[in-house]
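Copied over from TrEMBL, here are the features:
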type	residues	note
BINDING	B:Cys92, B:Cys95, B:Cys132, B:Cys135	Zn(2+) binding site
Number of protein chains: 2
Amino acid sequence: MSDLLERLRGRGWRMTAQRRVVAEVLNGDHVHLTADEVHAKAIAKLPEISRATVYNTLGEMVTLGEVIEVATDGRAKRYDPNAHRPHHHLVCARCGAIRDVHPTGNPLADLPDQERFGFTVSEVEVTYRGLCPHCAAA
Amino acid sequence: MSDLLERLRGRGWRMTAQRRVVAEVLNGDHVHLTADEVHAKAIAKLPEISRATVYNTLGEMVTLGEVIEVATDGRAKRYDPNAHRPHHHLVCARCGAIRDVHPTGNPLADLPDQERFGFTVSEVEVTYRGLCPHCAAA
DNA sequence: CGCTTGACTTAGACATTGTCCATTGTAGGA
DNA sequence: TCCTACAATGGACAATGTCTAAGTCAAGCG
């Protein structure tokens, strides 16, 4: 089954049908679903699952660091199960399609001390924007 | 008056009291207000201004490229008047404080062709996350 | 195997943020 | 000054997310 599911089980998570379904839905590469999309796919497998449970479960996965929350457009947050391998995102400005990308370089090293304003910087997130092949052709 | 206001006038914008107030509220450095915060500050100067007008005006400024829309947290979008000078953002993970930063390096050059998936990449947005001095102390 | 318990799930109300529309108002040119 | 097209208004609606009280169940224990 899913790597994600195995990792969650290993953390002493109480395993329920609902959590299993959410983890299954999120599995894969280039997966960036909104909470409601996850809910819709989960319902297909387990019709009585509630919206609140999907939100709760996603939130817990994020807290555990097993899933990343991505806010690319100010609309619904998207959930990315690829938390174990650092990566960034490429977003189509028109249709919203998202791809995982792996740029070279280390942006953290590119922020000089005097530009940190005393912050303890722990993380950096790079979002490339442009048009996907389909939207560029249209 | 505000540079922002001057630039807007120069584009043939019809100038109204409401638009002037919104532009005034947004003026300055390290300004990253939500739409409702802009509305609240605008009301202080022009009590009868409506929420819809603030949203419309902000949207138009973004379309004109005079204001940048920033989605740092998946909650409310924030509006940054510093569109004329490229910069990125440093966000406190706890309290949400935002600073403008100017990293060295060029992230666009760090995305190899085979990582572009045929996209026409035109823009890159870097968000540093960490704790501000105040939240780190607490 | 069947309790017990505390964590999990549910449904729906509520909150926040953003959009739309029909009506009213007004900036700026003739 | 008057017209007209563009802008503002307010309130309904939509989308997304959060909370709560009550019911349900996974997992350890005897």
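Glycine too: its Cβ is placed from the backbone N, Cα and C atoms.
When Cβ atoms from all protein chains are considered, those within 10 Å of B:Cys132 (Zn(2+) binding site) total 21, not counting its own. Candidate binding-site residues B:Cys92, B:Cys95, B:Cys132, B:Cys135 yield B:Cys92, B:Cys132 as lying near chain A, with Cβ-Cβ distance under 8 angstroms.
The Cβ neighbour count for B:Cys135 (Zn(2+) binding site), using a 10 Å radius and every protein chain shown, is 16. Mapped onto three states, the DSSP output places B:Cys132 (Zn(2+) binding site) in coil. In the three-state DSSP scheme, B:Cys92 (Zn(2+) binding site) falls into the strand class.
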